[in-house]
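Visitor: Relevant sequence annotations retrieved from Swiss-Prot are reproduced here:
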BINDING   12-18, 40-42, 304, 330-332, 412-414  GTP binding site
BINDING   13, 40  Mg(2+) binding site
BINDING   13, 14, 15, 16, 38, 39, 40, 41, 128, 142, 223, 238, 302  IMP binding site
ACT_SITE  13  active site, proton acceptor
ACT_SITE  41  active site, proton donor
BINDING   298, 299, 300, 301, 302, 303, 304  substrate binding site
């Protein structure tokens with residue numbers, strides 16, 4: 001039995017999609033365990049660039065089973081659009097499985113998300129307005145509608161009618177806007193369910209059977225540890241658990257069946273949306289990193305905030321996710337910067353802090369303690385091993401490993417699949 005979890009160690013957008021796609025080649029099952037279509041990842045397969053938001057990266061390998069686990073919230077309309085997007089490009093989706101326990105995003109979730117965000121004024125948290133948060137709210141409140149309900153005409157109608165009483169009261173009383181009628185949603189979304197039905201099953205059984213038969217299973221996380229609802233920079237977080245522990249809850253696979261956890265990070269830091277960001281750069285170097293690294297959100301198109309590598313953040317990710325391996329991406333983006341900085345600690349009121357404070361007022365006032373390293377000018381985009389890196393680039397990578405306490409198992413020197421290099425096979429480690 002060999003199972004690997006891929007986790008983002010920063011605020012998302014670390015290049016997980018590329019790494020997952022790379023590792024998918026040697027997996028027999030690829031599963032997502034949390035989030036929804038708020039997470040975008042770009043994959044280059046067969047020389048063609050694809051943008052996915054919901055379907056696992058392994059979909060391009062038709063012999064591999066791809067799972068949307070019970071921990072996700074699924075917008076049926078968005079899922080069907082993504083299926084059509086793949087079908088139009090000649091990609092088969094017969095290998096997709098969707099959990100019958102996954103919760104469904106409905107039009108009132110989208111409307112609630114947009115209205116709530118607008119009402120917060122200067123206190124916006126930067127939601128993608130995809131209905132993710134409200135769907136998870138309903139799940140926790142035990143009024144959510146699951147895939148199994150969507151396929152049952154009577155159950156779906158009954159639950160929809162019940163929910164609309166509450167949702168319409170919210171829209172009318174709180175936001176002074178009209179709600180929805182059952183007729184506006186029911187037939188359309190029931191039909192969506194019928195189109196998805198061929199993919200729906202108990203995915204916990206699929207995954208556990210695969211593991212019990214010694215198949216390699218890859219669990220694909222979305223967002224990143226710093227966006228985790230428990231361990232991230234709350235409330236500037238997502239509504240689920242991207243940490244490795246989310247695998248057990250979000251797929252129905254026991255923790256003892258997880259063998260390796262690969263943390264993915266960039267050689268610098270980026271973030272979309274609001275919230276504290278200790279190493280953020282507002283100068284010309286920040287602009288250079290953003291443009292060279294093409295730091296714009298896959299889902300939103302928003303420019304990402306960028307900053308120096310923060311080892312405090314990645315150490316935090318190591319601890320709460322049990323990281324065993326590190327994939328260091330986008331090293332090439334730093335080429336040409338004369339002096340590089342790595343944050344080794346924070347300073348607050350004259351005191352040095354080695355961990356991420358839970359109090360965001362404190363985190364917002366933390367000043368990064370930097371260690372400086374010399375940069376490099378050489379083109380590294382064709383490098384295939386750590387030994388081939390220029391001395392300064394190699395020392396930078398080694399220092400990242402030392403400061404985070406995680407061994408480098410993979411590194412990338414460009415956006416393409418063939419620019420990702422293996423240092424250690426995570427399936428056999």
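A Cβ is built for glycine as well, from the same backbone N, Cα and C atoms used for every other residue.
Thinking about packing and proximity, how do these listed features fit into the structure?
Guide: Residue 18 (GTP binding site): 25 other CB atoms within 10 A of its CB, across all protein chains.
Cβ neighbour count for residue 13 (Mg(2+) binding site) (all protein chains, 10 Å cutoff from its Cβ): 26. DSSP assigns residue 13 (Mg(2+) binding site) to coil, not to a helix or a strand.
The DSSP secondary structure for residue 41 (active site, proton donor) is strand.
Its Cβ placed at the centre, residue 41 (active site, proton donor) has 23 other Cβ atoms within 10 Å.
According to its DSSP assignment, residue 304 (substrate binding site) is coil.
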Visitor: So among 13, 301, 303, all listed as binding-site residues, which is physically nearest to residue 128 (IMP binding site)? Use the C-alpha atoms.
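Guide: Result for residue 128 (IMP binding site): the nearest of the binding-site residues is 301.
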Visitor: Using all protein chains in view, find how many other C-beta atoms are within 10 Å of the C-beta of residue 12 (GTP binding site).
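Guide: Cβ-Cβ neighbours of residue 12 (GTP binding site) within 10 Å number 31.
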Visitor: Near residue 15 (GTP binding site), how many other Cβ atoms are within 10 Å of its Cβ?
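Guide: Taking every protein chain into account, the count is 22.
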Visitor: Just the number: how many Å between the Cα atoms of residue 13 (Mg(2+) binding site) and residue 223 (IMP binding site)?
Guide: 7
